[in-house]
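Feature annotations, courtesy of TrEMBL:
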type: TRANSMEM; residues: 32-55; note: transmembrane segment
type: TRANSMEM; residues: 75-92; note: transmembrane segment
type: TRANSMEM; residues: 99-119; note: transmembrane segment
type: TRANSMEM; residues: 139-156; note: transmembrane segment
type: TRANSMEM; residues: 184-206; note: transmembrane segment
type: TRANSMEM; residues: 212-232; note: transmembrane segment
type: TRANSMEM; residues: 332-353; note: transmembrane segment
type: TRANSMEM; residues: 409-428; note: transmembrane segment
type: TRANSMEM; residues: 488-512; note: transmembrane segment
type: TRANSMEM; residues: 532-550; note: transmembrane segment
Amino acid sequence: MAVIEYLSTNETEIKINEEIIKKSGEWKFASLLLVNQGLATLAFFGVSVNLVLFLTRVLDQDNSDAANNVSKWTGTVYLCSLMGAFLSDSYWGRYLTCAVFQLILVLGLGLLSFASWLFLINPADCGDGTKMCRHSSSVGVGTFYLSIYLIAFGYGGHQPTIGTFGADQFDDSNPKAADSKAAFFCYFYFALNVGSLFSSTILVYYEDSGKWTLGFLVSLGCAIIALLLYLLGTSRYKYIKPCGNPLTRVTQVFVAAYRKWNVAPATADALYEVEGPESAIKGSRKIPHSDDFKFLDKAATITQYDLCGRKDPWRLCTVTQVEEVKCVLKMLPIWLCTIIYSVIFTQMVSLFVEQGDVMTSKLGDFHLPAASMSAFDICSVLSCTGIYRQILVPLARRLSGSPKGLTELQRMGIGLVMGMMAMIAAGVTEIQRLKLVRPSEKKSRLSIFWQVPQYILVGASEVFMYVGQLEFFNGQAPDGIKSFGSSLCMASISLGNYVSSLLVSMVMGTTARDDSPGWIPADLNQGHMDRFFFLIAALTALDFIIYVFCAKWYKCINLYTNGNHKEIQLEEQQN
């Protein structure tokens, strides 16, 4: 029998229903959060989807510098998700965190609109590809960078928390609510793409024609509406209390294990745990012992010193606290394998746009902006989401006998393969583009619609990869670090952007020597961007092989129910 100790605490701290402050209407108020997600995404993508062209046309940066700056900025966006997740899980709770970061997003968009109107777009309607803008002052450029990094901070901190907050509206103990939660993540990504569809079509068209300030003002208006709608449900949301600083808990486990390095780990039934349905981590269910990373069990092994003195959390940790650390360590290899996919995703807002900008994009008298091609990605996501939910899942259920159809890890593996195919398609398009370049012209005679396959493949891969990631990391993260689990998906995108920037720099440093312009020069007609796309495809193939081994090694989290301590074994997630 496990060695347990009664945790003296108020009754409100050991009953899960006391952690839920407000009763939820589940889908009614989760739907309000989906609308908020769509509007906030519309506002963000109104800036991000055309940012690379703003840098080249308005701020007069060359292609490689602009691509690197966009990659670093986008990486910062998603890196900020870790800060939002930390504040949400530790101190502020999900509701307050979402509200604060949305306010920062509104402030950033307001400042960007002001900076573009007063400092940057001079003369009016410049930056349309033909009319040049005057050189911007240092104040204008400084204000611009401050504003876009405020946007990065606001949107990044908001994203992982709003998804977890929406999932909080459903009760895990109810099987129907658990199914609704899985559907919520699909609709969450669907809402994200509905918002970005408007940005990638209507807003991009006006921005591409030089009406940058108008596009930024529309984004600002949408962000304000999103914030107001979010506040509208304040009195009816379900709230989960923050569980305290997870960094402290993780550090305590490693310190306690190190201090007992010469102590043999106790058997599972002799490890330290508190009494009652709740763990010592406020608001978190208990996690039963697992055999992974057994050296960490030393932290929960009771010694004579522990029995004689006051319980020191830096010497003795509970089983649940140790298992929380094990869960994070087990998820890390899977997470690392998703970074290369994010490198693929990054190309859609950088090199894909630059590639499309030097292709024939005229439809009669209508000029199709290169950034608008991302609408094919969005339409692919929207259609593939429906196909996946309505056709693939029922079919996979019948074939595999699994209630989920395809597990999250299987879907993520499919996403990697489809992403690799998108890079191959982009490389083939670039080869054809270069063949139809006339020496005296900037643009190739190849139609921009040759890019459609690469955008569609990226969109289809997102449905498998990013929706799978959202479900996997949120479902496998312990109760005390749910927002952190959701932020891992965005942190993957962040590091993917930084890796993409590093790859561009390394490739240019290696290939741009002597008289060679390199693979991605200022004049793409003199380069070989196709080789860069094929390089990413090769790296993705290698990453997929590693991913398969990691997915087969992974073991799912176990949880106890709050009422009767029955163990819940989540479905095996083998690839």
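For all residues, glycine too, the Cβ spot is worked out from N, Cα and C.
Model, not experiment: these values are computed from the prediction.
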Contact yes or no, the transmembrane segment (184-206) and the transmembrane segment (212-232), 3+ Cβ pairs under 8 Å, gap 6+: yes
Same-chain residues near the transmembrane segment (99-119), Cβ under 8 Å, at least 6 residues beyond its ends: 40, 43-44, 47, 84, 92, 136-137, 139-141, 143-144, 146-158, 161, 212-213, 216-217, 219-220, 223-224, 226-227, 230-231
Top partner of the transmembrane segment (139-156) among 32-55, 212-232, 532-550 - counted as Cβ pairs under 8 Å: 32-55
Chain residues outside the transmembrane segment (488-512) and at least six past its termini with a C-beta under 8 angstroms from it: 64, 67-68, 71-72, 74-79, 81-82, 156, 159-160, 331, 335, 338-347, 350, 466, 469-470, 473, 518-521, 528, 532, 535-536
Surrounding residues of the transmembrane segment (409-428) on its own chain - C-beta under 8 Å, 6+ positions past either end: 334, 337-338, 340-341, 344-345, 347, 351-352, 355, 451, 453-455, 457-458, 460-469, 472, 530-531, 533-534, 536-537, 540-541, 543-544, 547-548, 551, 554, 573-575
